[in-house]
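To start, the structure under review is shown below, and the notes come after it.
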Amino acid sequence: MYRKIFRLALPNIISNITVPLLTLVDLGLAGRMGAASTIGAVSVAVGVVNFVVWLFAFLRMGSTGFTAQAYGRSDVRDICLQLTRGLFFAVAGGFLIILLRPVLYDLSGLISAGRQEISDQALDYLRVAFLGAPAALSLYVLNGWFIGMQNTRVIMAVAILQNLINIGLSVAFVVRFHFGVGGLALGTVLAQYSAVFMLLVAGLLKYRRILRFIRWQDMFSTHRIRQYLRISVDLIIRTGLLSCVTLFFTYAGTKIGTDAVAANALLMQLFTIFSYFLDGFAFAGEALTGRFIGEKKYDMLRQTVKNIFVIGWIMSFITTVLYFLFPQGLLYLLTDEQEVIDYALHYAHWAALIPLCSFAAFLWDGIFVGATHSRAMRLTMIAGVTAFFAIYCSASVFGFLAESGLTILWIAFLSYLLIRSLMGWYMGYKIVNK
């Protein structure tokens, strides 16, 4: 079983490693534009884009779970349906985002808490970034579909090429052509459309025998649409709440100061790096859970869950130790602003606790996706978000934010992750044994 897990997980991990590298390059370029406000602007703008795009994350999750179960049943028509229906919703949603751009721009001003030096640059980024919405949503569907087909190698190859294209274009647009933060966004958009093209070509070449069973009329089956929408609503609520926490974390930092939001942006990269490693195993859990449910091999399902959590525990413990011992090295890679680095180091110990608090939440989400058990994902997220805002608002009421605002923010964030993990154990244990 470990062999199956690593066969699916390692390609995802390898491709995910290039994503933090991309973020490191973007923040590094922003950090070298001359001011801490530029790092904050990129952080705010990326937060807005992620908030909007993440609302459609149900496209990837639903595509993975349904496709993996159809793969387990050897149901080729349903496999085709998951691809065509997902792409239809992705393109429609992407163009809706483009049409709503003027409204979405206001989010950058809200999150930056009225700091003009941040909001102006964030707006420059958003004007370009939202043009990539159709591609970003289509990538959700295509990646989810390939994971459900137990094929992560194609995703790895395309993701690596996408991120290399993104890095190359961003460096060229910023360093050579001096496009500023808008150049960072343009590099991302062009790389996203390139990745969609590559995945479509790969799918047509590898699965042409399966894709000939596409039946467009299946997309409009009332029963299938109702089932898809039921799960989608749960996932939209879950993703919306997750995005609210992420955006509020950035917003709360801007209320403290420019250095605080820049420091948080750097420290959150520790979270990002860990999550992309662990996501490889969460994706393996999605694929294998859906497959074994489709094949009705429930003993194999339980063994998969057990093995994945053994791996997750080992990874989280090692990562926490490394983050406690060596926080400075990564921060110096991100920026040469010594004042921001010194500020971030005061709070690096909180970021080091993220792996232990969050690994179970990540892995249970993967199991729930494969089982298409969206209700569990929604309830665990509601519990975590409630804990986050309860702690932060209580501290505000009792006046603790004035002296320890950033410490309270990190305690609230870690509590949010821990509660999600504990709720995942509670609900996941019942689901897997049932």
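Here, residue 1 is simply the first one shown, and the rest follow in order.
Cβ from N, Cα, C; glycine included.
Fair warning: this is a prediction, and the values are worked out from it, not measured in the lab.
Database features (TrEMBL):
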TRANSMEM  12-30  transmembrane segment
TRANSMEM  36-59  transmembrane segment
TRANSMEM  87-105  transmembrane segment
TRANSMEM  125-142  transmembrane segment
TRANSMEM  154-175  transmembrane segment
TRANSMEM  181-207  transmembrane segment
TRANSMEM  228-249  transmembrane segment
TRANSMEM  261-284  transmembrane segment
TRANSMEM  305-326  transmembrane segment
TRANSMEM  346-367  transmembrane segment
TRANSMEM  379-402  transmembrane segment
TRANSMEM  408-429  transmembrane segment
Listed stretch, out of 154-175, 181-207, 228-249, 346-367, 408-429, that has the most CB pairs under 8 angstroms to the transmembrane segment (125-142): 181-207
Within-chain partners of the transmembrane segment (36-59) [C-beta distance under 8 Å, separation at least 6 from its ends]: 26-27, 30, 86, 89-90, 93, 97, 104, 107-108, 111-112, 115, 117-123, 125-126, 129-130, 133, 136-137, 140-141, 144, 181, 184-185, 231-232, 235-236, 239-240, 242-244, 246-247, 250, 254, 258-259, 261-262, 264-266, 335, 337, 339-340
Winner by Cβ pairs under 8 Å against the transmembrane segment (379-402), considering only 154-175, 181-207, 228-249, 346-367: 228-249
